[in-house]
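Colleague: The structure is given below, and queries will be raised subsequently.
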Ligand SMILES: NC(=O)C1=CN([C@@H]2O[C@H](COP(=O)(O)OP(=O)(O)OC[C@H]3O[C@@H](n4cnc5c(N)ncnc54)[C@H](O)[C@@H]3O)[C@@H](O)[C@H]2O)C=CC1
Ligand SMILES: CC(=O)[C@](C)(O)C(=O)O
Ligand SMILES: [Mg+2]
Ligand SMILES: [Mg+2]
């Protein structure tokens, strides 16, 4: 662990320096890691683990698109790719990477194969924290750990291939073997994390659900939509409205934030922009603060979990989701975006 000062607050975190890949491989050398589910996190984590030299198998429903995707990615049926139950039986560490709702359905099968000494691994605190709703309660004689990459499995894989990594949190819920913490860190390094910070299952899911419903996805889409709609209403063209709302953000300004922080992005904009942004920032912050309060409350009471589980239970859930996503896709704003992207200069 390295003690690092984060803006005046000291935290113990794990970096690849004090926990190198060779050490992670040594810690897990006798384990068979079974990645259950091949949606978004499944491929990212399974492929990174495999390329990092761990003993990995994948469990997935046969006759599904994702089974075919796994075969395309080089997993061999009967050797490294199995039906879910067979993978549960063969694995010593079961990485539960089905959708959170899917985990509820598969839990009885997973539980049956979680014999003493095995490890149950999550990338989300959902199943354990909302156990009244999910029914996921592991026996006391197994280890229960978590590694949650802070980003999409797609990015986890892409960054790995570029030699970079996404940061992840890790947590231990049950430590029957006495090795749970070391195993969690080793798996965190193995899946290609940047640095690892410690949390618990409850904090992980509360922050994750807040983040994705808030700034990362929900609030982001909402604020962009509000500005685009306003500009259009005031007579600005789609090109002007989209460039001033999204394209400038994603192609220019947010990259400067990622590189060196908000003040650096501000410093690279005009003094006119800086003056106005500094004044308006606080108004926006104060306007949305009550919405964030509601959001956190809805997460903490389990209301968000209930909504998600109920929605996912509907037989036509996928189809309905696709209709909603298509609505977004086909809206003037995102159609304008598709055109703008096409017009980006190519090398
Ligand atoms: N999407 C992401 O990049 C991230 C996801 N997570 C967490 O990782 C876990 C996995 O999430 P995703 O990869 O997004 O999942 P996903 O929604 O892509 O689903 C993963 C797999 O679950 C399978 N599945 C769903 N219901 C099933 C059922 N009833 N029986 C059998 N298989 C079923 C699907 O076929 C798919 O292969 C979740 O706990 C999620 O919260 C954490 C960080 C980021
Ligand atoms: C990518 C991620 O970490 C999210 C947004 O929390 C999720 O996909 O659940
Ligand atoms: Mg997340
Ligand atoms: Mg999430």
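Cβ coordinates come from backbone N, Cα and C, glycine included.
Per TrEMBL, domain 'KARI N-terminal Rossmann' is recorded for 9-199. Among the features that TrEMBL reports, domain 'KARI C-terminal knotted' is placed at 200-347. Residues annotated as Mg(2+) 2 binding site in TrEMBL: 208, 244, 248. Summarising the annotation, TrEMBL assigns Mg(2+) 1 binding site to 208, 212. The feature substrate binding site is assigned by TrEMBL to 270.
Would you situate these features in the structure and describe their surroundings?
Modeller: Over all protein chains present, the Cβ of residue 244 (Mg(2+) 2 binding site) has 14 other Cβ atoms lying within 10 Å.
The 10 Å shell around the Cβ of residue 212 (Mg(2+) 1 binding site) contains 14 further Cβ atoms across the protein chains shown.
In the shown protein chains, 9 other C-beta atoms lie within 10 A of the C-beta of residue 270 (substrate binding site).
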Colleague: Quick test of your reading of the structure: among the binding-site residues 208, 212, 244, 248, 270, whose CB sits under 6 A from ligand 4?
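Modeller: Going through 208, 212, 244, 248, 270 in sequence order, those close to ligand 4 turn out to be 208, 212.
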Colleague: Which residue counts does DSSP yield for the domain 'KARI C-terminal knotted' (200-347) in the helix, strand and coil classes, in that order?
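Modeller: With helix first, then strand, then coil, the domain 'KARI C-terminal knotted' (200-347) has 124 helix, 0 strand, 24 coil.
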Colleague: Look at the binding-site residues 208, 248 and tell me which residue has the greatest number of other C-beta atoms within 10 angstroms of its C-beta.
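Modeller: For the binding-site residues 208, 248, the Cβ with the most other Cβ atoms within 10 Å is 208.
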Colleague: As a test of reading the model: what is the averaged pLDDT for the domain 'KARI N-terminal Rossmann' (9-199)?
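Modeller: In the predicted model, the domain 'KARI N-terminal Rossmann' (9-199) has a mean pLDDT of 97.
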Colleague: Given the binding-site residues 244, 248, 270, return the subset with CB under 6 A from an atom of ligand 2, ordered by sequence, or none if empty.
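Modeller: Near the molecule: none at all.
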Colleague: Do you know which of the binding-site residues 244, 248, 270 end up with C-beta under 6 Å from ligand 3?
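Modeller: Among the binding-site residues listed, not one has its Cβ under 6 Å from ligand 3.
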